[in-house]
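Step one of this worksheet: look at the structure below.
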């Protein structure tokens, strides 16, 4: 039996998903494909790496296989006993570009196991199992957006998700005449995981000082309690980024794509100066694009300290500057960026 789960890109709402905020992701037309069959021991094979991991019992491997092992362990916590299986994995989602290859692997694994063993897990169960696998087993304390987008997405729509309540609505992606790209900076700075966890701690500290249990209850008035400084900058980003998500949803519904470009630039400036998670390479890409005709908007995507930049451009405009950007980026940083044109996609599904 074969299934596939898509990667995702988040149009806007960065570093808000673990702060009870709003996000606006959509699944992309790049997938993790997974084939499952019976076996006498757990066996996980990656076609991309040409690597096989065999386990007689479910334990940590400190490899890509941990995403699958973590999912199986989370399913077993819910009272199911999973017999050994062989799982073959193939993926065309770029790793490290902020397109959620790990969430797609988790969602594909949970869905495949549910279907194969007839567990009838709901999509929301699959999302929660996948997120808990990453937090509890892999050890990355992520939000829930990536897994949610990989499971629930619908082609030609973005998901407006409230990460506090998990209420969501589909918002039409009316992009006629426009294109979406992600530019992979091909850098990943060492700070990424330590600074990500530090940002989470800073947000929790700010809430403690303010005396509220969620950023959704924080008002502008509350900001005075932070007495300026780093924590104020972090909270300002979260509050303003939530507002930008709401404005972007409105603009999408009203077919005002150009307005969205402005919100993307504002989001990047906020991630650069208030949340302080961008880097020279992604800043360079966004600054370069700002000056160019036909580019509507751009911002860094993902956790930061490298990774990708999302771009909305008028049809045909981006290709005309791609080579110039590549050359200028190379002369500045000594590496070449990678460009991906993205289309929206449905969420996890069986492959016929």
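Cβ from N, Cα, C; glycine included.
As recorded in Swiss-Prot:
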type     : residues                          : note
ACT_SITE : 146                               : active site, proton acceptor
BINDING  : 14, 15, 16, 17, 196               : substrate binding site
BINDING  : 46, 96, 97, 98, 99, 100, 101, 102 : ATP binding site
BINDING  : 102, 134                          : Mg(2+) binding site
SITE     : 8                                 : site 'Transition state stabilizer'
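In sequence order, 13, 18, 19, 21, 143, 199, 303 are the residues of the same chain, not among 14, 15, 16, 17, 196, whose CB sits within 8 A of the CB centroid for the substrate site. Sequence-distant contacts (6 or more apart, same chain, Cβ under 8 Å) of residue 46 (ATP binding site) comprise 52, 64, 89, 90. Candidates 8, 15, 16, 17, 134, 196 (recorded positions) were compared with residue 98 (ATP binding site); those inside 10 Å Cα-Cα are 8. Comparing the binding-site residues 96, 98 on other C-beta atoms within 10 angstroms of each C-beta gives the minimum for 96. Using a 10 Å Cβ-Cβ cutoff, residue 134 (Mg(2+) binding site) registers 24 neighbours. Spatially, by CA atoms, the recorded positions 8, 14, 102, 134 include one closest to the residue listed as 'active site, proton acceptor', and that is 8.
Other Cβ atoms within 10 Å of the Cβ of residue 8 (site 'Transition state stabilizer'), summed over all protein chains shown, number 34. Comparing residue 100 (ATP binding site) with residue 196 (substrate binding site), their Cα atoms are 16 Å apart once rounded.
Residues 14, 15, 16, 17, 196 are the ones the record ties to substrate, and the longest Cα gap between any two of them is 13 Å.
DSSP assigns residue 46 (ATP binding site) to a strand segment in the three-state reduction.
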